[in-house]
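Since the structure comes first, as structure tokens, the remarks are kept for the end.
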């Protein structure tokens with residue numbers, strides 16, 4: 001054998017020589033993707049598709065609700081107060097039994113919320129330091145359908161509303177102390193007042209009118225007490241019949257029912273006089289008008305007649321004919 005031939009035993013092969021014994025690089029085996037990775041991809045696709053469907057469903061439901069909801073309606077109008085044109089708006093919320101009136105803008109804005117469910121009216125003036133409430137009759141605001149919306153628009157929009165301001169009659173004056181417990185107020189009235197102190201309003205008449213009202217009461221009481229004894233004496237005549245049918249006598253003899261302000265008598269409809277007195281609607285009117293009321297602060301200290309209040313501001317609202325309201329409440333129109 002040749003001396004130069006080197007034979008190395010396999011047992012003597014070092015670790016550096018093992019790489020020569022391995023398979024070539026192109027002979028590596030391909031590994032298949034694992035199952036959890038595939039499931040993650042499928043889950044992500046399903047999740048994104050579901051989110052997109054929910055988004056489109058929410059958008060469709062919102063537009064469907066917005067188009068079919070007829071419980072809230074807004075109308076804007078123009079009124080003339082002391083020769084100055086001012087914009088106003090009325091919002092009817094039949095679902096919550098509320099009416100909201102806004103008059104003026106900026107520092108002259110006045111907001112009135114009528115809560116017919118609880119029989120409370122809330123009034124707030126821009127820049128004021130107080131919020132006012134007063135009691136009112138309870139009623140039910142009709143739902144505002146398409147026909148009613150057209151009727152309100154034709155009645156109010158595009159016209160200058162006449163103003164009825166009782167300068168020498170009724171004045172609302174705030175009491176001296178604020179309300180301590182406001183739990184009886186609705187959420188809408190509390191939202192209107194915010195953090196301002198809330199004061200009750202009490203009706204106040206000038207001294208001359210108070211004396212006239214007392215004189216009328218003195219003259220009316222003897223007449224009503226002697227009426228049962230005057231029947232057999234004969235026919236009282238047309239003049240006596242007219243006096244007996246005056247609304248003032250009906251107000252004294254019939255209690256006011258806030259749950260049924262409309263009474264059916266035969267084929268005609270009669271209205272409770274307090275609906276007109278409280279400014280809910282107008283019994284004798286054939287068209288709507290703007291009713292303004294004076295909200296004043298009490299004059300502290302010595303109160304010389306007739307200056308027992310100060311700092312008066314006006315809050316105005318639209319008053320519709322009672323026949324217009326009852327037609328919609330009873331579903332006649």
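Any Cβ shown, glycine's included, is placed from N, Cα and C.
DSSP assigns residue 193 (disulfide bond) to a helical segment in the three-state reduction. Counting every protein chain shown, the number of other Cβ atoms lying within 10 Å of the Cβ of residue 193 (disulfide bond) is 21. Look at Swiss-Prot and you will find 131-193 (among others) tagged as disulfide bond.
Residues or ranges marked as disulfide bond by Swiss-Prot on the basis of similarity to another entry: 281-285 (among others). When secondary structure is read from DSSP and collapsed to three states, residue 285 (disulfide bond) falls in the coil class.
According to Swiss-Prot, the feature disulfide bond maps to 282-322 (among others), an assignment based on similarity to another entry.
Secondary structure from DSSP puts residue 316 (disulfide bond) in a beta strand. Among the features that Swiss-Prot reports, disulfide bond is placed at 292-316 (among others).
According to Swiss-Prot, the disulfide bond annotation covers 296-312 (among others), on the basis of similarity to another entry. The Cβ of residue 312 (disulfide bond) lies under 8 Å from the Cβ of 171, 294, 295, 296, 297, each of which sits 6+ residues away along the same chain.
According to Swiss-Prot, the domain 'BRICHOS' annotation covers 104-201, on the basis of sequence analysis.
Positions annotated as N-linked glycosylation site by Swiss-Prot, on the basis of sequence analysis: 243.
According to Swiss-Prot, the feature region 'Disordered' maps to 212-269.
Positions annotated as transmembrane segment by Swiss-Prot, on the basis of sequence analysis: 42-62.
Long-range Cβ neighbours of residue 131 (disulfide bond) (same chain, at least 6 residues apart, Cβ-Cβ under 8 Å): 122, 123, 124, 192, 193, 194, 196, 197, 198, 199. Nearest in space to residue 281 (disulfide bond), taking C-alpha to C-alpha distance over the disulfide-bonded residues 292, 316, 322, is 322.
Residue 322 (disulfide bond) has 285 nearby among the disulfide-bonded residues 285, 292, 316, counting only those with a Cα within 10 angstroms of its own Cα. A count of other CB atoms within 10 A of each Cβ picks out 316 as the most crowded of the disulfide-bonded residues 285, 292, 316. By the criterion of other Cβ atoms within 10 Å of the residue's own Cβ, the least surrounded of the disulfide-bonded residues 281, 282, 296, 322 is 296.
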